Each structure stands twice: as C-alpha cells, then as structure tokens.
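Data first, discussion second: the structure below is written as structure tokens.
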Amino acid sequence: MPKTAFITGANGLSGSAIVEYLCNTTTSDDWGSIIVTSRSPFKSTVMDPRIKFIALDFVNDVSSLVETMKEVCGAVTHAYFCSYLHKDDFAESYTVNKALFENFIAAIDKAAPKLENVTLQTGGKYYNLHVEPVPSPARENDPRRYGPFENFYFTQEDTLAEMQRGKTWSWNVIRPEAIIGANSQPYGLNVALTIAMYFLICRELGSASPMPTNQRYWEGTDDVSYAPLIADLTIFVSTRKSCANEAFNVTNGDYFTWRYMWPRLAASLGAKADSQQCFEKPMPGEGELQLDWSLAEWCKDKRKVWEDLCDRQGLPGAKATFDLAGWAVGDFLYQRTWSATLSVNKARRFGWTGHMDSYQSFVDTFDKFRQLGLIPK
C-alpha cells in the first residue's frame with residue numbers, strides 16, 4: 001500500500017525540503033498522498049497532484065486540532081514535525097515550542113489510526129552548542145548538558161518517546177546543524193540568504209566583505225546541513241524498521257574553516273574577501289562571546305543600496321527580501337568563540353550514505369534564491 005505523509009511547517013526550510021524530496025524522487029505507488037500543513041497559505045516550488053494542503057496552527061487546543069485533522073489523516077502513515085516558533089527570549093521560546101509539539105503529537109496520535117512513524121526535527125541546539133563549548137563533534141548518545149536556559153528540544157524528544165510507549169508506531173529524531181537551503185517563504189533564520197545579501201550589497205558598494213565574527217571562530221572548525229540532505233535522511237530512517245526509535249545527527253558530512261570558506265562564497269557572488277582578514281579586537285578566550293563588528297548595525301543604512309540594486313536589475317519584487325534577512329541572527333551565530341560540529345557516524349552505521357560538499361550547498365542555494373526571485377544576479 002502507498003504511504004501517506006503528513007508534514008508540518010511545510011513553508012519552512014526543512015518542511016518544504018521534505019515536500020520537494022517526496023515529489024521529486026518518489027511515485028504515487030510509493031507515496032500516494034502528501035498532506036502539508038502550515039499556519040499561513042502553502043507556497044511550494046513544486047507542483048504535484050499528491051499534495052493536499054490543510055491550514056493548521058498547533059498553538060490551538062488538541063480537541064479542535066483532532067476535529068480538523070481526522071478528516072484528512074485517516075490514511076496518514078508517516079508524520080514529520082518541522083514546526084518552530086522563533087522567540088528572542090529563551091524562556092518564551094521554551095514555552096511556546098514545548099506546547100506546539102505536545103499539541104501536535106497528541107492530535108496526530110488520535111487522528112491517524114494507520115500511523116507507522118513520527119519523526120521530529122530538533123537540531124544541534126540539543127547539545128547546547130549555542131550556549132557554551134561542548135565536546136565536538138557531538139554524538140547522539142552524549143550526556144545532556146543543562147545550561148542556564150531550559151532546552152525545549154529535551155522536552156520535545158522526551159514527550160515523543162513517552163507518547164510512543166505501547167503504541168504500534170515508531171519514532172525518529174533528526175538533529176541538523178545550521179540549515180542551508182531556499183524556500184518560497186524565507187524568514188529571518190535563513191543563514192544563506194543573509195550571507196548572499198551581505199555579499200551582494202558589498203559588491204554594489206565596491207567594498208570588501210569581511211566576516212562579522214572573531215578571530216577564534218574564523219579559524220575554528222564548523223559544519224552545516226543542506227536542507228535537501230536533511231530530507232533525504234529523514235525519509236531514509238523513517239521508512240526503515242532497522243532505524244526505528246533512534247535519533248540521528250545530519251550534516252553535509254564535511255568540515256570547514258570560515259577563514260577559507262568565506263572568501264570562496266564571496267567570490268561566487270562577485271564580492272571580495274580575504275583569508276588573511278585582520279581583526280581589530282584581540283583573540284578572545286574560548287567560551288567568550290565576541291564580534292569584531294555587528295552585522296545588525298552594519299545593515300541599518302543599506303536598504304537603499306539593496307533597493308537600487310534590485311531596480312537596476314529589473315527585480316523590484318526582491319526589495320522585500322531585505323526585511324527577510326537575519327542580520328541579528330548572523331551576529332548570534334558568529335559571536336561564538338568555539339567550534340561546534342556534529343558526528344554523522346551513527347547514520348553511516350545504519351546505512352545512510354548521503355553527502356554534500358558544503359561550498360556547493362551554499363552555491364546551489366544562492367542559485368535557487370535567484371530562481372525564486374529573492375535576490376538579483
């Protein structure tokens with residue numbers, strides 16, 4: 001029997017990547033229906049008659065969710081939770097995202113009698129690598145590290161395991177690093193979009209494009225996760241009994257230093273950056289937070305530069321992209337003074353062989369931004 005997917009957060013990077021993966025790599029004999037949900041109208045880069053959209057907000061109470069979902073979830077076999085509500089305040093973020101998943105898992109368990117698997121996407125923040133230095137590369141069975149803020153990923157994963165006990169369906173957890181990808185409705189957490197806009201503005205100004213970071217992070221090791229690759233692993237593990245009830249890290253499978261990656265990315269968009277970048281501030285100690293300069297401050301007088309560039313290239317619709325960039329998010333990511341990477345050895349042991357050159361993942365994503373009309377050439 002064909003499987004039926006139920007994908008939440010379908011307008012986000014990971015949710016839309018799963019939709020595209022199923023549409024582009026499977027047939028109706030394998031996946032008969034792809035039910036997608038989001039709070040806002042669904043916008044996809046693919047057209048497929050198997051796609052069915054239902055507007056859902058998992059902030060709502062479980063009973064109302066079940067009432068809406070039971071009409072379309074009778075055949076659902078695989079549910080993929082990719083929803084996330086961003087809040088700048090860590091305590092508020094914990095509260096809303098904890099409730100979001102609790103409502104989802106309670107509702108899908110009641111509304112989908114044929115359910116076989118529920119896959120939850122959390123992320124590298126599960127290891128608290130965004131808060132302090134952690135053993136690197138982080139592995140799925142590393143002891144939990146409890147920082148100054150409650151980690152809603154802990155709660156979500158615990159809720160998933162507890163809900164599954166005694167049920168016929170299995171669970172999986174997917175933990176990516178910083179996600180590199182493009183979607184029709186980007187928002188401020190898209191790292192690649194922010195980088196692309198920064199380079200294009202610097203190119204327009206004829207100025208150099210140094211990385212807004214510190215010397216230790218510049219010279220340290222990093223990794224990223226390409227959205228289509230996340231989708232590939234997600235479908236791989238959720239459809240194999242040998243992978244049931246397991247958590248998996250997912251990255252591109254390579255490591256890099258920003259010192260050498262940043263100039264290559266700049267060059268791909270016609271901007272200039274130097275691997276011998278000089279820093280005004282002294283080398284920080286590991287565990288400190290430091291920026292040589294702030295991207296969020298830098299961007300404050302750059303709107304007109306961006307709009308003039310869009311007008312000159314006949315792409316007025318891309319002007320709105322300026323407000324979609326994550327300027328402050330860039331500061332948050334690049335102020336770290338420690339390397340934080342994930343091991344994908346467990347996924348390899350379970351038979352997954354996915355890999356993507358990280359430089360190419362950025363370049364392909366930049367190309368897709370252009371195709372979507374989000375940035376000029």
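Numbering starts at 1 and runs along the chain as it is shown here.
From the backbone N, Cα and C atoms, a Cβ is placed for every residue, glycine too.
The feature active site, proton donor is assigned by Swiss-Prot to Tyr226. Under the three-state DSSP scheme, Tyr226 (active site, proton donor) falls in the strand class.
Positions annotated as NADP(+) binding site by Swiss-Prot, on the basis of similarity to another entry: Asp89, Gln121, Tyr226, Ala266, Ser268. According to DSSP, Asp89 (NADP(+) binding site) is assigned to coil rather than to any helix or strand.
Around Ser268 (NADP(+) binding site), the C-beta neighbours below 8 angstroms that are at least 6 residues distant in the chain are Phe362, Val363, Phe366.
Rounded to a whole number, the distance between the Cα atoms of Gln121 (NADP(+) binding site) and Tyr226 (active site, proton donor) is 14 Å.
Taking the Cβ of Asp89 (NADP(+) binding site) as centre and 10 Å as the limit, one finds 10 other Cβ atoms among all the protein chains shown. Other C-beta atoms found within 10 angstroms of the C-beta of Ala266 (NADP(+) binding site) number 22, with every protein chain shown included. In sequence order, Ser14, Tyr80, Phe81, Cys82, Val173, Ile174, Arg175, Pro176, Ile230, Thr234 make up the list of same-chain residues 6 or more apart from Gln121 (NADP(+) binding site) whose Cβ falls under 8 Å from its Cβ.
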